[in-house]
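Notes follow once the structure below has been shown.
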Amino acid sequence: MPYLFLTLAACFWGGNYVVGHLLVTEADPVILSQLRWLVTAVLLMTLYFSQVKQQWEFMKKAKGIILFLSLCGQVLFPVTLYIGLQYTTALNAAIYMSATPSIVLLINALVFKEKIQGKNYIGVLLSTLGVIYLIFKGNLNFSEVISHLNKGDLWALGSAISWALYCAFLRLKPREVKGNAFVAISSVTGSLMMLPILIIYLFSHDFQISNMGNYASPLFISGLAYLVIFPSWLSYLLWNKGILTIGATRGEIFSHLIPLSGGFFGVLFLSEKLHSFHFLSGALIISGIYFCSSAKKQN
């Protein structure tokens with residue numbers, strides 16, 4: 001059962017790429033991010049308010065790290081991802097996300113002074129080459145690539161870095177702050193942090209009230225419901241249950257299903273095309289993950 005929980009959680013997160021790609025064709029990515037976490041905050045606080053109340057004293061002591069994690073996980077990650085999905089494919093965004101384990105390893109070495117072995121360096125190098133090759137779309141003519149660089153790929157890479165920061169610094173969350181209450185308070189914090197960003201964004205982009213009709217369409221409402229119920233709530237719930245049962249070490253491998261399922265769903269539901277550079281960049285990143293993971297097991 002824990003393996004099913006972890007698989008479902010990863011696939012629900014993978015679906016975020018496809019649903020996000022569909023929604024940003026009708027909705028603004030910043031408004032989408034705000035609505036996603038605002039509705040999630042209302043839902044989770046309704047369900048887990050008593051847990052938040054019980055753990056409030058621990059949360060107040062850890063307000064600094066909770067603010068930082070909310071900034072990375074609930075603000076920067078979704079905003080950069082949804083902006084990127086306006087210009088690039090769900091498949092590309094998922095492949096960038098697959099480089100997260102290598103980025104986390106690098107952050108742990110630079111910030112937390114974890115020892116990096118030779119295999120770790122090889123893994124980070126291979127993953128970095130895979131990301132660069134994907135950004136360049138297999139074109140090694142540097143000057144030509146720069147002139148035709150897809151900004152969506154850069155935003156998607158930014159989302160992967162934001163998520164890597166979240167994963168790396170999650171170790172600083174006090175153990176007394178449990179999963180459901182932590183996700184609930186993070187949702188509230190993230191939606192509050194998004195408000196000033198949203199207001200500035202709307203004024204600077206001359207947002208028209210007439211555009212609000214898109215947010216009442218069946219596609220948007222059903223898509224938002226998916227984002228709230230599955231990647232924002234059930235994924236965390238199932239993931240925590242699975243990890244508690246089999247442990248973080250054995251459960252970590254299931255995180256690789258997130259970009260895999262995201263890319264697969266992009267090809268299946270959005271008819272996105274696979275190119276040779278996808279296979280090569282994916283192979284480089286997967287090789288990098290292998291070297292990072294095998295070295296970590298030895299440690």
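Each residue, glycine too, has its Cβ placed from N, Cα and C.
Taken straight from TrEMBL:
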| type | residues | note |
| --- | --- | --- |
| DOMAIN | 3-135 | domain 'EamA' |
| DOMAIN | 151-292 | domain 'EamA' |
| TRANSMEM | 30-50 | transmembrane segment |
| TRANSMEM | 62-85 | transmembrane segment |
| TRANSMEM | 91-112 | transmembrane segment |
| TRANSMEM | 124-142 | transmembrane segment |
| TRANSMEM | 154-172 | transmembrane segment |
| TRANSMEM | 181-203 | transmembrane segment |
| TRANSMEM | 215-239 | transmembrane segment |
| TRANSMEM | 251-270 | transmembrane segment |
| TRANSMEM | 276-293 | transmembrane segment |
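Of the ranges 30-50, 91-112, 154-172, 181-203, 276-293, the one with the most Cβ pairs under 8 Å to the transmembrane segment (215-239) is 30-50. Listed by sequence, the residues of this chain that lie at least six past the ends of the transmembrane segment (62-85) yet keep a Cβ under 8 A from its Cβ atoms are 16-17, 20-21, 23-24, 29-30, 32-33, 36-37, 93, 152-159, 162-163, 165-166, 169-170, 172-174, 177, 182, 185-187, 189-191, 193-194, 197. With a cut-off of 8 Å between Cβ atoms, the residues of this chain six or more beyond the transmembrane segment (91-112) that come close are 14, 17, 21, 81, 84-85, 120, 123-124, 126-128, 130-131, 134, 152-153, 156-157, 159-161, 163-165, 167-169, 171, 255-256, 258-263, 266-267, 272, 274, 278, 281-282, 285-286, 288-289, 292-293, 296. Through the fold, the transmembrane segment (124-142) approaches residues 92, 95-96, 99, 101-103, 105-106, 116, 149-150, 153-154, 157, 275-278, 280-285, 287-289, 291-292 of its own chain, all at least 6 residues removed from its boundaries and within a Cβ separation under 8 Å. Packing against the transmembrane segment (251-270) from elsewhere in the chain are residues 2-3, 6-7, 9-11, 13-18, 21-22, 89-91, 93-98, 100-101, 239, 242-243, 282, 289, 293: each is 6 or more residues past its ends and has a CB under 8 Å from a CB in it.
Secondary structure counts, DSSP: the domain 'EamA' (3-135) has 113 helix, 0 strand, 20 coil. Packing against the transmembrane segment (154-172) from elsewhere in the chain are residues 62, 65, 68-69, 72-73, 76-78, 80-81, 83-85, 87-88, 92-93, 96-97, 99-100, 103-104, 107-108, 111-112, 131, 135: each is 6 or more residues past its ends and has a CB under 8 Å from a CB in it.
Taken as a whole, the domain 'EamA' (151-292) shows an average pLDDT of 86 in this prediction. According to DSSP, the domain 'EamA' (151-292) comprises 125 helix, 0 strand, 17 coil.
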